[in-house]
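Asker: Below you will find the structure I want to go over with you.
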Amino acid sequence: MRGKLLPLASLYLVQGLPYGLQSGLLPVLLRARGLSLTRVGLTKALYAPWLFKLVWAPLVDARGSARAWLMCSTAALGLVCGLLAGLPPAEAGQAGLPGTVVGLLLLLNLGAAVQDVALDTLAVQLLEPAELGPGNTVQVVAYKLGSALAGGGLLALLPILSWPLLFLLLAATYWLAAALAWAAPALRRLPQPQPSGHSPYTLHHLQDLLTVPGTLWTAGFVLTYKLGEQGANSLFPLLLLDHGTSALDLGLWNGVGAMACSIAGSFLGGALLTRQWQLLPLLKSVLQFRFGGLACQTALLFYLNTPGASLGPGTILRGAALLSLCLQHFLGGLVTTVTFTGMMRCSQLAPSALQATHYSLLATLELLGKLLLGVLAGALADSLGPRLCFSFLLTLSALPLLYLDLAPSTLL
């Protein structure tokens with residue numbers, strides 16, 4: 001199994017780099033330059049190419065091998081990073097990012113989305129049912145490590161190195177990963193899937209996807225399970241920044257510290273699944289803990305607006321606020337690993353010629369649920385106020401708990 005997990009870990013780590021760059025660096029950089037929460041939230045629209053994975057997932061199923069798609073998309077990401085190295089970030093006094101940088105970031109997301117389809121297809125084909133727990137732990141942990149390296153790590157290193165040098169390092173990393181995708185023995189041994197009986201982009205193709213056991217329930221769950229959590233994770237660090245927490249502290253706690261806790265939660269989720277814990281009962285317990293953690297975060301936010309409340313150095317409130325970031329990321333990592341295991345288990349029930357498209361359907365809905373509140377959370381906070389907004393997010397986080405009662409037995 002190690003021969004399978006090591007190349008997957010390396011490739012998923014590289015896949016997390018664009019997300020970390022745009023979720024860890026850009027929001028803090030733009031907020032520090034005075035942009036509103038609404039405008040900072042709208043930068044998440046750069047993730048739009050991820051919502052169209054279903055356009056090219058059937059091509060990965062039907063044209064060439066997933067390994068070739070993976071190698072080409074990863075090499076293309078290195079080229080885009082090389083171009084970004086020659087362009088400056090936002091200058092002081094500029095309202096946002098330069099248009100050319102925005103265009104290249106969109107291309108970066110396009111390449112990363114194609115890479116995601118190809119790599120997930122390889123994972124679905126490569127892993128045996130008994131290997132799904134460790135395999136999805138590797139997937140989530142490595143992705144988050146890549147995100148942390150490009151997010152919190154990049155934010156910390158930017159003053160020491162430079163924007164061009166950092167992107168040249170990213171380009172070299174992508175080109176090394178492309179070589180790994182082509183040369184890894186475990187990936188070279190995968191058989192070519194047989195073509196589907198139906199052409200892509202037809203009604204029959206969609207019907208084949210939806211008739212896979214458990215698909216409709218899983219699609220509804222992945223669309224909603226992160227709504228409250230993602231909105232809170234997008235807003236809470238920025239609200240702490242507004243109340244006097246430094247960007248350096250946020251880079252440490254919300255970047256490195258919170259990511260370390262998220263990775264620990266993912267490891268725990270994989271370990272529990274490996275020890276034969278049933279997926280749905282485990283998921284329900286984790287979601288209950290997550291609801292409690294978000295309730296504590298909401299209470300902290302209410303208290304911040306009372307007279308005398310302070311986030312000054314050494315205060316209990318400051319410590320509680322920063323630790324709450326770590327707690328929520330720990331629980332988020334745990335629930336993500338368990339959920340992705342359920343998604344992959346559902347996709348393995350599909351015919352091999354549909355597995356790339358099937359998993360991409362679920363992954364696209366999962367991303368859509370996260371982006372929906374990630375983009376709108378700032379506007380909700382600006383219009384409703386932070387306290388009412390967090391009360392709404394807390395209500396949303398209760399919905400997946402109710403939805404679990406409708407789960408089919410095929411996903412146990």
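The backbone N, Cα and C atoms fix where each Cβ goes, and this holds for glycine too.
Nobody curates TrEMBL annotations by hand; they come from automatic prediction.
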Asker: With the ranges 48-68, 384-404 to choose from, which does TrEMBL describe as transmembrane segment?
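Answerer: Here TrEMBL associates transmembrane segment with the stretch 384-404.
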Asker: What else in the chain is close to the transmembrane segment (316-338), if you only count residues 6 or more beyond its ends and a Cβ gap under 8 Å?
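Answerer: Here the qualifying positions are 136-137, 140-141, 144, 225-226, 229, 232-233, 236-237, 240, 245, 249, 253-254, 257-266, 268-270, 272-273, 279, 282-283, 286-287, 289-290, 293-294, 296-297, 300, 303-304, 309-310.
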Asker: For the transmembrane segment (359-378), find every same-chain residue at least 6 residues outside the stretch whose CB is under 8 Å from a CB in it, and list them.
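Answerer: For the transmembrane segment (359-378), the nonlocal Cβ contacts are 36-42, 44-45, 47, 50-54, 57, 116-117, 120-121, 124, 209, 215, 218-219, 222-228, 230-232, 234-235, 238, 339, 343-344, 346-347, 389, 393, 396.
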Asker: Which residues of the chain, 6 or more past the ends of the transmembrane segment (252-274), have a CB below 8 A from one of its CBs?
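Answerer: For the transmembrane segment (252-274), the sequence-distant neighbours (Cβ-Cβ under 8 Å, at least 6 residues beyond its ends) are 24, 132-134, 136-138, 140-141, 144-145, 147-148, 151-153, 155-156, 237, 282, 286, 322, 325-338, 341.
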